[in-house]
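Peer 1: Sharing a structure below in structure tokens format, with a few things to ask.
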Amino acid sequence: MAASLPSTLSFSSAPDEIQHPQIKFSEWKFKLFRVRSFEKAPEEAQKEKDSSEGKPYLEQSPVVPEKPGGQNSILTQRALKLHPKFSKKFHADGKSSDKAVHQARLRHFCRICGNRFKSDGHSRRYPVHGPVDAKTQSLFRKKEKRVTSWPDLIARIFRIDVKADVDSIHPTEFCHDCWSIMHRKFSSSHSQVYFPRKVTVEWHPHTPSCDICFTAHRGLKRKRHQPNVQLSKKLKTVLNHARRDRRKRTQARVSSKEVLKKISNCSKIHLSTKLLAVDFPAHFVKSISCQICEHILADPVETSCKHLFCRICILRCLKVMGSYCPSCRYPCFPTDLESPVKSFLNILNSLMVKCPAQDCNEEVSLEKYNHHVSSHKESKETLVHINKGGRPRQHLLSLTRRAQKHRLRELKIQVKEFADKEEGGDVKAVCLTLFLLALRARNEHRQADELEAIMQGRGSGLQPAVCLAIRVNTFLSCSQYHKMYRTVKAITGRQIFQPLHALRNAEKVLLPGYHPFEWQPPLKNVSSRTDVGIIDGLSGLASSVDEYPVDTIAKRFRYDSALVSALMDMEEDILEGMRSQDLDDYLNGPFTVVVKESCDGMGDVSEKHGSGPAVPEKAVRFSFTVMRITIEHGSQNVKVFEEPKPNSELCCKPLCLMLADESDHETLTAILSPLIAEREAMKSSELTLEMGGIPRTFKFIFRGTGYDEKLVREVEGLEASGSVYICTLCDTTRLEASQNLVFHSITRSHAENLQRYEVWRSNPYHESVEELRDRVKGVSAKPFIETVPSIDALHCDIGNAAEFYKIFQLEIGEVYKHPNASKEERKRWQATLDKHLRKRMNLKPIMRMNGNFARKLMTQETVDAVCELIPSEERHEALRELMDLYLKMKPVWRSSCPAKECPESLCQYSFNSQRFAELLSTKFKYRYEGKITNYFHKTLAHVPEIIERDGSIGAWASEGNESGNKLFRRFRKMNARQSKCYEMEDVLKHHWLYTSKYLQKFMNAHNALKSSGFTMNSKETLGDPLGIEDSLESQDSMEF
């Protein structure tokens, strides 16, 4: 058996004794057990070591150099003698032996091109299914791409799928030539990328007439002939013919260059490289010259194969010769042409060239060459056009319009005749095209590109929507924007920004009242019109002479129209959310939209301007936020949108603005009652709205959670916050809450408050005032807005911080020892605390607690600073433990999703709240004996139940609306008008546009570029994003 096998097959090429599916395992096994007869002699090992050291260094990928055929044949025969059981086995199974021999021979061929590997000892191979080598990895790293294995690259370049290869049919390696093709494809070199085969090589399973095995057998049996003299003569003749053909091809190549030069025909408009002022090296000159006309590059463009040409030359050649690169014949189309990198253009424009004009020896940069030559032409023209005996002939541009018409009369007639004959009378198009060609001929391509953009209707300026985003986000009124527009246009001479009328057209699409919609069933007591924009706040209210007079200015959107506009503004986000959940775009719902409602009063919004009725110097704002959108899919609801920043002013959309006092119950009900009526009607109806070209159905869930305690009591008909019924969630009294600090549950609801109001109004049991008050648990007015029994996280922080501020003062005065302190002493404690906090914590004293002060006050550093003013160590420990417990509990009601953001604090909340209550009733008994604050009660008793019901407290807070209050002040100052009525319209419209997600995307794109370092001044920012608890300012907004 050993004699019958060809001796040219090496040990690694699987001879007879290793005709086994696990060939490599056999090799590894022999090395592992170090069979003595297989071990090489020391001389052989040394020779191999020397030869391997002498070989050139290859990449660190699995490159397999081929060894000469006869090197391991003796080794093979020895192995055959040592392992007779292998030979017996393969004698018995001849078919498997043939397949194994076929598989061994396959290893001598390239998988991609099918060529046989060279047997010179230096042939490099690469495993088809192996990792990418280091050189290729570094190349892709420069290209900012990531590739780890060969199959993806082979499929991308050669369109060959090697992932399904079988070792008995396909070769497992490819050659260095194919590797070079892949490397050149992705490198920036100018070398030609050429694959020698047009058809993919097909590999078939082994058959008796197999091409690979058949050619191998024939190759072994071929005899060598004696050299023939006549044959050598024929060979010489063939070589001569080959030389002659080579010379012809060279001549053809030269002649093709001449043809390309004739096609480009640019010798009169492009500069020769001989005009260069410096004698540069030949390679540099070649790099800055066009590869068609061999002139200096004029308006250079780069092809996808990284060759540089003049724009005119390459476009002419592509038109005449076809869509391929003249240098490397790689497919190339006019749309593939791109401008080279700026650094190359800077080098090109800085080259100094000699002026070819006579009597001018100036050397000018290529960038200023056109201007320099045009000065020569102008001076020449002024010398030519002189009337002898008359006054000098003036230049065309210096003439009056009448004189220009007179001089160009004949040309105008000719142009008009041409336009009527060829272009359907479009004189403007003919003149603009002539101007465009003149600019191109003088290499003034920047102006030509701008003109071409204007001719195509694109314009060189910004889109109206981008200009609107800039105006809204930079807080410019219409008049201020118009001044900026005129100034920029006058200075630059170009219309970069769009005029105001274009912005107003863009506004219409984004404001409520633009999109048609329908309700099924129709909304009760609400008009079916859809083109309703800003309306008066009192519209929809049936007024009579005997009613309470309403002295207010109020502007609002209709609630359903505003919701439609908000949904259409989020159209892209909704459709993208459906795609991300693998849902079809054509699904029409029903979608369920969860809306957070917020309302808040503002004090002191007085202005020193404006006419109209005398209205209160306070304001009330009602707004909403789309929190979540789900779609019914099968038996479950799939979430397609969730607001990532539910407490940002960027998503809190204004619905109603009024100049009124929130404590004025009559005015508040008069303005908000129509709005609430629309809301109640929408609860039992479905909206049909066309989105993405398909009518879709929406249902709405309204959750009134963005109210502070004062306003909750106002709209739910409860007594004021000083009442003995201290909680808006349960019926407990202040005394009961102080005795039982933790164990309470939510019992109040809007429906129950309405029933209790009827009992309060009618007194069916004829009880006394005290008995009746105890029966209705503090309900004293008719509830008119449904709110969700919850806690507002922001006001909870502010209320608790105010209480800690009071505790600090009492601890400084040691009230636990001396409870009966005078007012003067208490004021002195407060002054001492304010002075110390200002010195140590840089906290300036304020008249009223706000979110920013509360955040800074509630820290361990503040407690350490306060402890410096308290002599007792025992009180230090009590204060520190109280603050530590509070800081552990705070994240639970502040975070948007406590189960994800702070699961440990959520689990420990009940324990921490009980310990906190224990401290209040023991160490701080002097303050909390028989009483407790409203927010301490809510914090200790109701937080876990609300989290279990809603999943979050912080996400449903009123921070976005509070931040919107600051925006209201800013918009009002910005949109100052003589009429307060129009002023409120401007504020409402501007605030709505400020919350548009469509406009925010333009600003987010700018911010992304800015953070990447593309802007001029990356250090200059408008401020870090601040939450409402930080400063209640609007600086965390879109930035421009």
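Note: Cβ is positioned from N, Cα and C throughout, glycine not excepted.
Pasting the feature list from Swiss-Prot:
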type     : residues                       : note
DNA_BIND : 389-456                        : DNA-binding region
BINDING  : Cys266, His270, Cys293, His295 : Zn(2+) 1 binding site
BINDING  : Cys290, Cys293, Cys310, Cys313 : Zn(2+) 2 binding site
BINDING  : Cys305, His307, Cys325, Cys328 : Zn(2+) 3 binding site
BINDING  : Cys355, Cys360, His372, His376 : Zn(2+) 4 binding site
BINDING  : Asp600, Asp708, Glu962         : divalent metal cation binding site
COMPBIAS : 39-53                          : compositional bias 'Basic and acidic residues'
CROSSLNK : Lys233                         : ubiquitin cross-link
REGION   : 39-71                          : region 'Disordered'
ZN_FING  : 290-329                        : zinc finger
ZN_FING  : 351-380                        : zinc finger
Peer 1: Do you know offhand how many angstrom separate His270 (Zn(2+) 1 binding site) and Cys310 (Zn(2+) 2 binding site) by C-alpha?
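Peer 2: His270 (Zn(2+) 1 binding site) to Cys310 (Zn(2+) 2 binding site), Cα-Cα distance: 9 Å.
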Peer 1: When you average the Cβ positions of Asp600, Asp708, Glu962 for the divalent metal cation site, which other residues in that chain have a Cβ within 8 Å of that mean position?
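Peer 2: My list of surrounding residues reads Ser598, Cys599, Gly601, Gly706, Tyr707, Leu711, Asp792, Leu794, His795, Ser958, Asn961, Asn965.
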Peer 1: Whose Cβ, among the binding-site residues Asp600, Glu962, has more other Cβ atoms within 10 Å than any of the rest?
Peer 2: Glu962
Peer 1: Using DSSP and collapsing to three states, where does Cys290 (Zn(2+) 2 binding site) fall: helix, strand or coil?
Peer 2: coil
Peer 1: Checking the binding-site residues Cys266, Cys310, Glu962, which are within 10 Å of Cys328 (Zn(2+) 3 binding site) at the Cα level?
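Peer 2: Hits: none.
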Peer 1: Tell me which of the binding-site residues Cys290, Cys293, Cys360 ends up closest to Cys305 (Zn(2+) 3 binding site) in space, Cα to Cα.
Peer 2: Cys290
Peer 1: In Å, rounded, how far does the Cα of Cys293 (Zn(2+) 1 binding site) sit from the Cα of Glu962 (divalent metal cation binding site)?
Peer 2: 68
Peer 1: What is the Cβ neighbour count of Cys360 (Zn(2+) 4 binding site) at a 10 Å cut-off, with all protein chains included?
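Peer 2: Around the Cβ of Cys360 (Zn(2+) 4 binding site), 13 other Cβ atoms lie within 10 Å.
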Peer 1: Could you tally the C-beta atoms, other than its own, that fall within 10 angstroms of the C-beta of Cys310 (Zn(2+) 2 binding site)?
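Peer 2: If we count other Cβ atoms within 10 Å of Cys310 (Zn(2+) 2 binding site), we arrive at 25.
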Peer 1: Among all the protein chains here, how many other CB atoms are within 10 A of the CB of His270 (Zn(2+) 1 binding site)?
Peer 2: 20
Peer 1: When a 10 Å sphere is centred on the Cβ of Cys293 (Zn(2+) 1 binding site), how many other Cβ atoms does it contain?
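Peer 2: 27, counting other Cβ atoms within 10 Å of Cys293 (Zn(2+) 1 binding site).
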Peer 1: Please count the residues of the zinc finger (351-380) that DSSP assigns to helix (H, G, I), strand (E, B) and coil.
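Peer 2: So the zinc finger (351-380) is made up of 15 helix, 6 strand, 9 coil.
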Peer 1: DSSP-wise, what's the residue breakdown of the DNA-binding region (389-456) into helix, strand and coil?
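Peer 2: So the DNA-binding region (389-456) is made up of 50 helix, 0 strand, 18 coil.
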Peer 1: Starting from the Cβ of His372 (Zn(2+) 4 binding site), draw a 10 Å sphere and report how many other Cβ atoms land inside it.
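Peer 2: I get 16 for this one.
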Peer 1: Relative to the Cα of Asp600 (divalent metal cation binding site), which of the binding-site residues Cys310, Cys355, His372, His376 has the closest Cα?
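Peer 2: Of the binding-site residues Cys310, Cys355, His372, His376, Cys310 has its Cα closest to that of Asp600 (divalent metal cation binding site).
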Peer 1: At the level of the C-alpha atoms, what whole-angstrom distance separates His295 (Zn(2+) 1 binding site) and His376 (Zn(2+) 4 binding site)?
Peer 2: 22
Peer 1: So what's the mean pLDDT when you look at the DNA-binding region (389-456)?
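Peer 2: Mean model confidence (pLDDT) across the DNA-binding region (389-456) is 84.
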Peer 1: Write out, in the order they occur in the sequence, the residues of the chain not among Cys290, Cys293, Cys310, Cys313 that have a C-beta within 8 Å of the mean position of the C-beta atoms of the recorded Zn(2+) 2 site.
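Peer 2: Other same-chain residues near the Zn(2+) 2 site: Ser264, Cys266, His270, Gln291, Ile292, Glu294, His295, Leu297, Ala298, Phe309, Ile312, Ile314.
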Peer 1: Looking only at C-alpha atoms, tell me how far Cys355 (Zn(2+) 4 binding site) is from Cys310 (Zn(2+) 2 binding site), rounded to the nearest Å.
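Peer 2: Given the Cα positions, Cys355 (Zn(2+) 4 binding site) is 20 Å from Cys310 (Zn(2+) 2 binding site).
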